[in-house]
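The block underneath contains the structure these notes are about, expressed in structure tokens.
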Amino acid sequence: MEAAMPTWVDWVPWVPNLATTFTSLHVAPTSGLRISNLDWIDDIAQFARSGRVQAAVIATVLLWSARDALVGRRASATHQPKAPKIRLPYEICAQLSRAAALTILVAAAHRAPDRWVDVPPLALAFILGLSRLAGHARWRRLALHKVNFLLSSSLITLMAANILPLLKLDRDEELDTAESAAVGAVAASVLVALVTPRSWVPPDIPKMEGYEPLEPTPSPEETCSWFVRFLSYEFLTPMLRIGWRRPVEMQDLPPLPWYDDPVVLLGQVLRARKRYKTTFWTVVGFQSHQITKMLFWITLSFSVELVAPYALYQLLQYISNPEEAALRPGLWIFLLFAGPMGRSVSFQQYIFYSTRLLVRGRSGLTQELYHRAMVSMELEGDVINAIATRGQKQEQDTTTTSAGRLANLMANDIDTVLKLRDALIPGVGVPVGILLTTIGLYRMTGWPGIVGIVFLLSAAPIPAYLGKLMTVAQRKVKLAQDSRISLITEYLGSIKAIKYFAWEDSIIETIQRSRAKEQAQLWYLSVVSTVISTASGVIPLGTLLLIYGLYTGVLGQPLTASVAFTTLSLISTVRRNLHMLNWLIRMCVNAAVSLDRLDRFFASTEPLIRFPEGPLRLQNATFRRSKSAAFRLKDISVDFVEGGLNVLVGQSGSGKTSLLLGILGELVLEDGLVTSPGDLAFASQTPWLQNETIRENILFHAPLEQARYDRVIEGCCFAQDLDELQRGDQTEIGENGTILSGGQKSRVALARALYSKSPVLLLDDIFSALDAKTAAAVWEFCFCSDMLKGRTIILVTQVPWMASQADLVVTMEEGSVQSVERNLGVVRKPVTTAPAQSQTDTNGGNTDQPVDNKLPSPKSKLDDISDEMEGTARGGRLTVLRYMRYFGGAPFRVFILVWTFFENSLGIALSFWLTIWVGAYEKPGPVSLLYFAGGYAVIMVTDSLVGAVQYLAFSRGAWLAAQKLHKDLLRGVLYAPLPWWKNIPVGRVVNRFSRDISSLDSLTGELAYLVVDGIVRILFRVGAISSILPIFMLPILLSIAVGILCGEMYTRTAVVLKRLSSSSHSPVFSQFGDTMSGLTVIRARGDMPKIFCNHLAKRFRPLSRTQEATFNLNRWVSVRIDFITAMVSVCAGIIAVTRAKVLGAGLVGFSLTNVAGLSSAILMLVRYLNDLEIEFQGFLRVEEYMTIEPEEKPSEVPGAFSDHNGLPEVDHLPVGWPRTGAVEFRNVTVRYDVDGQDILKDISLTFEAGERVAVIGRTGSGKSTLVLSLLRFTEIVSGQIFYDGVDITTIPRHKLRQALTIIPQEAVLFNGTLQSNLDPTDTVPTAILERALESCHGIASFHYRNDSAEITPAATPEEETVAAPTERTPLLAAQPQPASSGTGTATPVAVPDTSSALSLSTPVKAKGENFSHGQRQVLSLCRALIRRSKLMLLDEATASMDYETDRGVQAVLRHQLTNQEQEEEGGRVLLTIAHRLRTIVDYDKVVVMGGGRVVEVGAPGELYAQGGQFYEMVRHSGEGGELAALLGGQGSGTSTEVGSE
């Protein structure tokens, strides 16, 4: 006889005193797992009555109380919180229930003296409960914990002594009334304790320096009862009720607990980082308590999940042979409920803490990244590239800026690292589950079970190896996604330039090429994933076949239902666990890459340089952008005049802006000494503004001082601008000042600097975007008054007369100070004695983009979150059908559905074949192992292959859908009209291309597959079960109904929460991106970084709030559906027991297995349906932007038809149009919106072919509107505009824009090469490109090198020791070259073949960051020359250039116009908007605009002689004497401007 062997009870290590009971469970391969001795039940009952447990409980409570008393004395000295208010109804119920339980127990003890041992714990609980009423806050909380511990212990001992013995079938006696009453009373007390809300004590929160103090309030999560907190999550039900009636809003969500506040988390992360250094240990350190709880709950979850298979085994044993049963079947039915519910509760608690770690980690680490970026210098380029390409080839099609890399670390790498939190599931829970499963299989089948597990584990590396391939593919997908998103972000950020040049089709083609590479990797990923899934499915099924074969063929044991179906359940568990291990491997690899990227970022950043405080002075200072940068400022020594005006002058690229950055500490100080005040105000050359109101931008988080504010508004000439804006200074200006003109943006940036109380103001070329009159007015009100008294001003300017009035003039050349000139005793005077502002002119308009200040400003948004949510509506469950329309043709969709039915029928057939195999042993005669095992193998392999084809078909459909949706989305946004972009932040659009498209690439298609497959699976399982147990349809239908109700309640709220969460991301991402763009402005101001960090924390609060509500809502629906499915299992068990004599054990096992599968399928289908509807928000958001009204439809153009892209096309234009650049305006009136006000009024102008025409006037006079009307960015409400004799309203917009060229004020360059920037369409011959570059040679340190010449490869920055690069331009030589001949025409000069000269292959960084501002403009000029358009428009293109560079540009334009007129029939027209009058004094015609009308037209000399508006503008220009001489000398003697003195 075999020795007795321990089984399931052995797995409970907390019962060491019951070693004698192990002999009660006997296992042998011939008998299976069988209970043979129940003496252990009596032993437990006797032990519970002995009094030792009660004594131990009382001793524990007393020791616990003593410890709390000692700790309480120390705690009371530091923090004594206010006592919480007692909830009277609950307290009365609790006191009464404890009193009743004690009374009943005492009464029972009088009848049975052995019951007195149960009285002391309850008496102590009653006394402690009363003592709570008189204690302080801390004692109330601690006493309640002790009371609950005593009540729970008493209930357990009473049930062990009185209920446990009743489980034995051979026990006839019943529980007497007193015992029943005692157990019931104590259970009632425990129940009251479970449902009583917890008291909340205000915490002592450490304060963070620079952050607003936190005022915590209790959240429902902190005050709900233990039952609600761990079992029901009922604190979310009020929100669900609201969501059932209407969409929930932010105020309907539960408040954020104080311990999850972003400021609290940031403090914890910073302390952990200081201690642990690396990111991994930082996360572990600051969330150690959370991880410990996760560890406990996941271990418990994997331990109790085997309760249900064990109960199933015992129930089948009872049905097979009820006469030999020792315990009542009700126990196994109860365990069929308790096992799944125990696992559900423990697993949901694990998920609760896991998702909470995700929210906290994302909040803490993102803020830490933001905080570090705020106080650290910019990373070196090589370090960034090393982080981005680690483990990959260094060659990349695109590169991004450091700001983009930081955003990538925040958006992707932090999430990847935090995904590692779930490593506890496969890392801890899986080994526990596999160990217990192996023991169970061994106890049930003997050594074949061990062989099967060994085979399963040995085959596990196969999916693991395939997982490595998947990891490599995933990396390639990420790189491809980075490339695509970088392109999209860059192009959408320059949408105006794309529309100016009609590049939409070329940009779409470029992005689609990148998308094709990404989708190729995604398809490869789907194929590898299919192979892994198939292998992961076949290996466990093969293991089952091996175990069954060895058990029946070698051991000769019959395959009973209990063995077959329990083994099936256990192997399925192991299969899932091994799948988790493979997932862990892939997750760890990805997380390791992200951890390394984050660690290298934190290790590579250096604190921002803080110079010693003192007067602004530089002594022998040498600066460099980074340690490897080629350009540097050399040996700078300047003692700036304190309290005076200091002016920096020099050619473009000489180092003026770099010197300002060096003063700000943004450059590396290699040598020398710098002293500076701690607080500086910086106005950059390209204004940086926040997406807030005008007032908020000017105040810049400072308190409002009305008098000071009004003075600044007046000084910046902004009063009239505000009057013409409907909401005045409360107008939302959009992303980076979208609705403002270039001049307005510059003046807002200047006003921000002026309003600050910084002692030093650094102003980088603030006058370049202002017209002459506005510049003169600003000069008078700000620089010639006492507004700047006592403040040191460092002004970069190209205006000569301003330098003549400065206290100190520093001339820069090639990174060095060429000269320092002091003007002792200088007195700044206004430019002219005439009034600075004309009463007939309007103020406010624009110099580089359309704006209608008379129109209503964009509506004031309640907040960014609600504004974004307004656009997308709920799609409904049937959205899946709309989504699947993108899968391809109808035959393909039918094939998918038919194949899904086929695959699920094979799954049922596999389980039913096992039932037939089991039933064969119940019949007389031998059983053919080959027949049954072979049939099982055939069905198994067929099922796996069909499943693989099914998954691949769905993946292909989702792949096609994502392809089409991405293309249509791209077309939708690129062809959207410009006014649409005014109210839509670029970050919001990029979010569609990143998060939403990523969802369509992966999760949406996967969920659609799971939903369709789940519906078909439920249909097959219901059919299989109802054919054997028709009565079971009742609980199934009931469970489905309840599940649908819970799911509907959940979905109505979850969908809105998903939208809230997605919308809450945008403000965080927007602030991160905006801040990175304006870091120099922010960091210049003393404590401003802390203010911005505090502002980010405020934006994180709603994000964390929505995320926690979303995650908790998943717990709410999960526990309810788990409860429903557990009840279904109970009903199935009851039905099976009652029908045991009618059905065989095999059919019962088949039914119970399918019941468990059906319960799981219902649960998962409800979850997948809800998750799919939530994910479909991304699909709907994409569709929303796909259907944007395009800028122009074919029906809107007379005689137009649609081309292959759906764009309007015409065939009525003359052949060779346009032949000349002649333009005519006939009584034209223009608006920006059809319903808006007139901007241009009754304009009649004619520009003859070959003319150079200048349009001048005050800011807001209508100059840019005139030019933009030629591009049809406005609405022509009356009159006509003719271009080469053709009415432009009859020409499709894209064709019109292709036929002319504009050079905007702000040059736009894209990541790539010079060739890709000059010709994004890739249609211009190389010779033309080279000729254009040669034409611009010598302008702004611009030197061209022909690629065809044999030269050495470009040297690295470290090797560039010969050439002297210019500011921010390591690729450009700064060797002086003759720029023009005696006639003023640019003359190409041969350049030596040096590594620093330009060629078509010269790389261009994002936004042209490796070129100076002037050099970017020269490249923009080259781009215009290449297009060879008959009509060329210049919109303040040279405003920020020095005079010498401006002269070179104009010379090139004259030369090119003259040459082309000689080469071709007809002539070009050059139309220039200019503030700088020197630029246009030699033009053929000048148009003076004012108030949207033409004030004067004529030759410059004629207009000057007339003494009208043009004459006044010359007088206000500051260089009237020189201009008068150029114009013929008329009136020069009357000029009183300072510049001519």
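A Cβ is built for glycine as well, from the same backbone N, Cα and C atoms used for every other residue.
Record features, source TrEMBL:
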type	residues	note
TRANSMEM	147-169	transmembrane segment
TRANSMEM	181-201	transmembrane segment
DOMAIN	294-590	domain 'ABC transmembrane type-1'
TRANSMEM	294-312	transmembrane segment
TRANSMEM	332-353	transmembrane segment
TRANSMEM	423-441	transmembrane segment
TRANSMEM	447-466	transmembrane segment
TRANSMEM	554-574	transmembrane segment
DOMAIN	616-839	domain 'ABC transporter'
REGION	831-868	region 'Disordered'
COMPBIAS	834-850	compositional bias 'Polar residues'
DOMAIN	894-1173	domain 'ABC transmembrane type-1'
TRANSMEM	894-917	transmembrane segment
TRANSMEM	929-954	transmembrane segment
TRANSMEM	1031-1050	transmembrane segment
TRANSMEM	1117-1137	transmembrane segment
TRANSMEM	1143-1166	transmembrane segment
DOMAIN	1223-1516	domain 'ABC transporter'
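Averaged across the domain 'ABC transporter' (1223-1516), pLDDT for the predicted model comes to 74. Within its own chain, the transmembrane segment (332-353) is flanked in space by residues 230-231, 290, 293-294, 297-298, 300-301, 304-308, 310-312, 314-315, 318, 424-425, 1111-1112, 1114-1115, 1118-1119, 1122-1123, 1125-1127, 1129-1130, 1132-1134, 1137, which lie at least six positions past its ends and keep a Cβ under 8 Å from the stretch. When each of the listed stretches 147-169, 181-201, 294-312, 423-441, 929-954 is scored by C-beta pairs under 8 angstroms to the transmembrane segment (894-917), 929-954 comes out highest. Listed as Cβ neighbours of the transmembrane segment (147-169) (distance under 8 Å, sequence separation of 6 or more from its ends, same chain) are residues 38, 41-42, 44-45, 47-49, 53-54, 57, 60-61, 98, 101, 118, 121-122, 124-125, 128-129, 132, 175, 179, 182-183, 186-187, 189-190, 193, 226, 325-328, 331. If you look at the transmembrane segment (1031-1050), the same-chain residues 6 or more away from its ends with a CB under 8 A from one of its CBs are 240, 243-244, 1022, 1025, 1113, 1116-1117, 1120-1121, 1124-1125, 1127-1128, 1131-1132, 1135, 1151, 1155, 1158-1159, 1162-1163, 1166, 1169-1170.
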